[in-house]
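*Asks:* Here Swiss-Prot flags 8, 139 as Mg(2+) 1 binding site. According to Swiss-Prot, the feature active site maps to 8, 67, 139. Taken from Swiss-Prot, the feature Mg(2+) 2 binding site applies to 67.
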């Protein structure tokens, strides 16, 4: 069993999603958004750090998965996003959580089956995979999708390791 915290970083709205993985089964534990309604960036970063720390304390995750920064057309926006990611990662590292990063395209490919999927498609698939009664908010759905991606990637890596181990023992299943 593992608990995974997924984070969709943003300087104004940071989505979070928490799921539990038992074997191949995924279950929803919680999700939401950290909203920073102050204007100055240092205060927003402080709120993101405090919010992520509180979520970690509440859910006690085993793994922390976060979206990688993509190349934005606006350099200022990309820098702010990078800073928001940075404080979220520091919050995880301060709690001694292993940090995993996933590209947005990889997340969409894993959850929807198409790397260019729309936000509404991600929301729908997250709802379906986690058997939720309604679509989660867009930022929370993205965070849940990041957590789901971590489960799939880590499960595939484990299966590959087992296959390699069996090959070194002279057996292939």
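Glycine residues also receive a Cβ, built from the backbone N, Cα and C atoms like all the rest.
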*Asks:* Output, ordered by sequence, the same-chain residues six or more apart from residue 8 (Mg(2+) 1 binding site) with a CB under 8 Å from its CB, or 'none'.
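*Replies:* Same-chain residues close to residue 8 (Mg(2+) 1 binding site) (Cβ under 8 Å, separated by 6 or more) are 14, 15, 16, 17, 67, 139, 140, 142, 143, 146.
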*Asks:* Quick one: give me the count of other CB atoms within 10 A of the CB of residue 67 (Mg(2+) 2 binding site).
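*Replies:* Taking every protein chain into account, the count is 25.
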*Asks:* Tally every other Cβ atom lying within 10 Å of the Cβ atom of residue 139 (Mg(2+) 1 binding site).
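*Replies:* Other Cβ atoms within 10 Å of residue 139 (Mg(2+) 1 binding site): 24.
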